[in-house]
Every structure is written in structure tokens, then in C-alpha cells.
Amino acid sequence: MNPEEAMRPLLMASEMMMFGAGLVALIAGSFLRRQRQWWVGVMAAAAQVGVIGVAVVQMVGPDQMAFEGAFSVDTATGVARIACAAGLLLIWAVAGAEMRASPREAETYALLMFSATGVLVLAGAEDLLLLVAGYFLASIPLYGLVGLARSAAAAEAAMKAYLMGALFGILLMLGVTILYGLTGATRYPQLAMTLSGAPAVAVAAGVVGVLAGLMFEAGGVPAHFWVPDAAQGANATAATFLTTVPKIGALVALYRLTTVLPDTLAWPVLIAVFAVISMTLGNLAAYWQQDPRRLLGWSTVSQVGYLLVPITVAGASELALPSLLFYLGGYTVTNIAAFAVTAALPGRRDLDSYRGLARTRPWLAAALVVALLGLVGTPPTAVFIGKVTTAAAAWDGRYAWLAVVVFVNTLVSLFYYLRWIIPAFGRPHETGDADQSAVQHWPARVAVLAAALSLLLGIIAGPVWQLVT
């Protein structure tokens, strides 16, 4: 039997470990006393360490296929696994106290790991049906996570996420149905051989449907409307997760799909348009925000635009995939650092309330500066390397105008991040609010750690680049 025709389930050990840990967390929550549910967190953290370990071991070996060629285990899958599991560990450290105070602690761990499993399935999918399964496995737990805060804003955000997810899920399935109807195949290698002979208009309709669905998961235009509301209304756990982890699977999945699309279809132009609109709209909308989390919600929309740039030149530049993977890793730790600062200061829900932070909490202010300037793309942070290499990939792939748009939008984004940074270094208010001055210590520590990781990834970019190439 051809290796690609074998099931080889052990190649998906990371995904099975993630999903199995979610099941254990869900069941344990029904039997453990409320005071003992911290064991679920220990088990979940151990599972993430296992996922990272398996991913590293499999990345050392050659690229392989599992489940009769439906799932690819390669460098992109390995990076997605490591970024996803490491992101979960940081998120749990940020929101550990919040989760322990919740009556749904075990269920929260379960929902996060179920959604993360869907993200990993998306990242390795080489089959349209597996892509659909990964989409819904990643999306459905998100709706519950957003609504866990039990507030009017969270309920509204959860409803928006559900409605948008259902709509774009339908578009995804419609696109998959069209592509299957045209080719009689769902595996990417078969699609690559048959799509070129299919009617271009029908192929375009199918591709647009699939792209729209993946844009919901990534949080980019045209499926971005729910992201700022969810980032603002959800609790710290859900807000940090939904603006970070789902992007990993969705964008790697989109990259894989574009590699099998026919050259006769102008799909790079479509993705380039989505990239420009996402980064521009996200930056312009973020400029007027006063709530830090809502600002970060719009910021994450703009980041999707930058991440779409290397996908635009997939197959046209050798820099495309490495730049995408490096950017995803750098964005993960940098975005978590920014949200960790907001979680450390839960009483400060507008930008002016951060006034004087550098004098009262200098380490937290330093983490905020590194995170926000990192999201801008300031050296020597990891996102700086990501943006430079994505722009270089666009230039190398003959999309020089797109590289120019990246640099212009990067400059524009600096202004609204400075609206947050400048008050932090101003004079503190004479009459301080006790709620505003209270600091959650674990999120503060994670903010400093994640900011340091962002700097470290930028400093050792050379060796890391070799690993993702």
C-alpha cells in the first residue's frame, strides 16, 4: 500500500491528544468538586506540553500524510501545533485566576481544547471535507466561550459570533459543494489536476465560498464584524483566544488551498484585495476606539490583512510560507502580551485610565510598549521580521504595490497605538481609583514574559527562520 493511502493515525497524535484532553476535562468537571477542578488545569497544561513534544519530534522527520492523504504532517502543521499549544499555555496563565473563579472552570478548558483541535485540523487539512469538519470544530466552541462572561455585552457578542459563523459556514459548505460537483473529488491533489479544466466562473464561485468561510475563522474582511464586539464583551480568556489561535489554522489552511488552484483563476488578486481592505479598515476603525480591548479587536482585523500578503504570492515566492509561519508565531506571543496587560488591569477600560502606568507599574508599562510597538512592526520584535519578510515575499512575487500598502498601513497603525502608549507615560491622575490601581499578578507576569518572547523571537530570527523554511 502506498504510504499516502494508509491511515497512519499516530501521525495525528497531537490532534488526538488535544481532543482527548478536552473530553477528559469535560467529564472530570462533572465529577470533581469545585475546589478540586484545578486538577483539570494541570492535566490540560500537561497535554499541551505533550502536543508540543510530538510536534517537535515529527518536524524533525520527513513530510508525511495521514488518513489516506487527507491530512498533511509537515513543517506548516508542526509550527501550527507548537504555536497553538504554546498560545493556550500562555492564555491559561493569563486567565487562570479568572477561570478558577468561574463555576464553569472545567468546561472552559474543554471548550478551549475542542476549538484548538479544530484549529489543528484546519492547519493540516488536505481534503475539503476535513476542512469543513475543522471549521465547525474550531467555530462552535467559540460561541460558548464568548458567552461565558454572562453579561449583556457578552450575550450580544456571542449572538453575533454565532450568526456570522453560521452564515459563513454555509458559504464554506456551498463552496465545497461547488468544487466537488465540478471535479468529483475532495482531495487537494485531485483538485489540482481537475480544476484547470472546469468552468472558470463556477470555480471562482466555489473558491469565494471557501475563502469567505476561512475569513470568519481568521477574523478578516468580509467576516470581521463580530471580532471587535467579542474582544470587548467577552472575558479575558475568550478574548485572548479568539483573537489569536483560530487565525493559525485558518490562514495555514488557506495557504494550502491556494497551492492547488489553477493559474487561469485570478485568485491572487482576490486575496490581495481582501488583504488591503482588512489592514486598512482595521487600522482606520481602531484609530477612534477608547476601549483597549475593542482597539485590539480592530487591530487583529488589520493583522489578518498583513498575514494574507504571503498567501497572495503562494507559489510565486519561496519566502511566502516561511514568512507566514514566522509571522503567525510572532503575532501569537505579541497579541497575548497585549491582552495580558488588559487582564492585569481589569479596572482600566479606557485608554486614558492607563495614564501614569509607567510611574506606578514600570514593568507592565514596558510590556505594553513592547507588545504595541511589536504589533506595529518595530525592530527587534518578531512581528517586525514577519512584516519585513511578508513585504519581501510580495515584492519577490511581483506584487510590489502590495508591499507598499503594507508599509503605508504599518505607518498608519503607529498613530492609534501611540494613543495608548502616550498616556501610560504621562502624569498619573491625582485621585486614583482603587479598582484601577489593582493589578492581577499572574497576567502581569505573563505580559512581561510574552513581551520578552516577542523580543527573543525577533533577536534569534535567523535560526527560527531556518526551522520554518
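Heads up, the Cβ atoms here are built off N, Cα and C, so glycines get one too.
Quick look at what Swiss-Prot annotates:
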type	residues	note
TRANSMEM	9-29	transmembrane segment
TRANSMEM	40-60	transmembrane segment
TRANSMEM	105-125	transmembrane segment
TRANSMEM	162-182	transmembrane segment
TRANSMEM	201-221	transmembrane segment
TRANSMEM	234-254	transmembrane segment
TRANSMEM	265-285	transmembrane segment
TRANSMEM	294-316	transmembrane segment
TRANSMEM	327-347	transmembrane segment
TRANSMEM	365-385	transmembrane segment
TRANSMEM	402-422	transmembrane segment
TRANSMEM	448-468	transmembrane segment
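Between the transmembrane segment (201-221) and the transmembrane segment (365-385) there are fewer than 3 Cβ pairs closer than 8 Å, counting only pairs 6 or more residues apart in sequence, which means the two stretches are not in contact.
Only sequence-distant pairs (6 or more apart) were considered; of these, fewer than three Cβ pairs between the transmembrane segment (327-347) and the transmembrane segment (162-182) are under 8 A, so the stretches are not in contact. Contact between the transmembrane segment (402-422) and the transmembrane segment (294-316) is supported by 3 or more Cβ pairs under 8 Å, counting only residues 6 or more apart in sequence. Taking Cβ pairs closer than 8 Å, the transmembrane segment (105-125) reaches residues 12, 14-15, 18-19, 21-23, 25-26, 28-30, 32, 34, 37-38, 40-41, 44, 47, 70-73, 76-77, 80-81, 84-85, 88, 91-92, 99, 131, 133-142, 144-145, 148, 214, 217, 237, 241, 245-246, 248-250, 252-253, 256 in its own chain, all 6 or more past its ends. Outside the transmembrane segment (365-385) by six or more residues, the chain places 299, 303, 326-327, 329-331, 333-335, 337-338, 340-341, 354, 357-358, 410, 413-414, 417, 420-421, 424-425, 444, 447-448, 450-455, 457-459, 461, 465 with a CB less than 8 A from a CB of the stretch.
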